[in-house]
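Asker: After the structure tokens below, expect a handful of questions from me.
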Amino acid sequence: MVLIRVLANLLILQLSYAQKSSELVVGGDECNINEHHSLVAIFNSTGFFCSGTLINQEWVVTAAHCDSKNFKMKFGAHSKKLLNEDEQIRNPKEKFICPNKKSNEILDKDIMLIKLDSPVSNSAHIAPLSLPSSPPSVGSVCRIMGWGSTTPIEVTYPDVPYCANINLLDDAECKPGYPELLPEYRTLCAGIVQGGKDTCGGDSGGPLICNEKLHGIVSYGGHPCGQSHKPGIYTNVFDYNDWIQSIIAGNTDATCLS
């Protein structure tokens, strides 16, 4: 069984996954309050349901399947109960999804750019993360973080994001667990082969950080999370660099690689 790593607040899907909206990274530890400056909490009236990454003062990147109505974004957040003095909240001004995305295939081009209604200011807990200038190397140690599940099945509701280190794996190590994956989906495979560390429900849209660059976006994975030979699937940000830069530059008709 596979899991899109977001809580969709809709009808049956809401009933199926509702308990996972506030869960955290499986197999990780509480993030240091000073290590997730670019992490964005995406929330609505029901709470946090996705994450994103600040890539400059006006733009956030997240997963396309995190698109929803009436959401807001919180920057500089750590604890849900204790506010940081420099937390900032913004609304989306514009949202961009690849125009050539296959709407019936969630894994296809699972990336969304969000322009904020006003820029955020850099602060002690807010700073953008750079995009990659080259593809990541297999074997790289990468960092995951988010407000998603700390347990693969049972529900836990910690108040802070969790972080973990995982490895970037060769596609051949992913294919047996995900025969539905196609090359044109432009994804990365990352995790621990023997299992135990993984992103999970509620982590969708969050970052896969390798060499201090945003290399991946949490998209998809096995259920229960953290299974052996079922690592997480991440949108490969490097393959979308040209599209991202075109949109930011004002070419809103730009298309993504097929």
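Just so it is clear, glycine is given a Cβ too, placed from its N, Cα and C backbone atoms.
Annotated signal peptide per Swiss-Prot: 1-18, in sequence order. The domain 'Peptidase S1' feature in Swiss-Prot is assigned to 25-249. Taken from Swiss-Prot, the feature disulfide bond applies to Cys31-Cys163, Cys50-Cys66, Cys98-Cys256, Cys142-Cys210, Cys174-Cys189, Cys200-Cys225, supported by sequence analysis. Residues annotated as N-linked glycosylation site in Swiss-Prot, with sequence analysis given as evidence: Asn44. The feature active site, charge relay system is assigned by Swiss-Prot to His65, Asp110, Ser204, with similarity to another entry given as support.
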Asker: With DSSP assignments reduced to helix, strand and coil, which class does Cys50 (disulfide bond) get?
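Answerer: Going by the DSSP assignment, Cys50 (disulfide bond) falls within a strand, counted as strand.
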Asker: Distance check, please: Cα of Cys163 (disulfide bond) against Cα of Asp110 (active site, charge relay system), rounded to an integer number of angstrom.
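Answerer: About 22 Å separates the two Cα atoms.
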Asker: Between Asn44 (N-linked glycosylation site) and Asp110 (active site, charge relay system), how many Å separate their Cα atoms?
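Answerer: If we compare the Cα positions of Asn44 (N-linked glycosylation site) and Asp110 (active site, charge relay system), the gap is 21 Å.
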Asker: With every protein chain in view, what's the tally of Cβ atoms within 10 Å of the Cβ of Cys50 (disulfide bond), excluding that atom itself?
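Answerer: Taking all protein chains shown, Cys50 (disulfide bond) has 32 Cβ neighbours within 10 Å.
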Asker: Return the member of Asp110, Cys210, Cys225 nearest to His65 (active site, charge relay system) in space, with distance defined Cα to Cα and candidates limited to these recorded positions.
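Answerer: Smallest Cα separation from His65 (active site, charge relay system) among Asp110, Cys210, Cys225: Asp110.
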Asker: For the disulfide-bonded residues listed here (Cys66, Cys174, Cys225), which one has the lowest count of neighbouring CB atoms within 10 Å of its own CB?
Answerer: Cys174
Asker: Quick check: of the recorded positions listed here (Cys31, Asp110, Cys174, Cys189, Cys225), which one has the Cα closest to that of Cys98 (disulfide bond)?
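Answerer: Result for Cys98 (disulfide bond): the nearest of the recorded positions is Asp110.
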Asker: Could you check which of the disulfide-bonded residues (Cys31, Cys174, Cys189, Cys210) sits closest to Cys256 (disulfide bond), going Cα to Cα?
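Answerer: In terms of Cα distance, Cys256 (disulfide bond) lies closest to Cys189.
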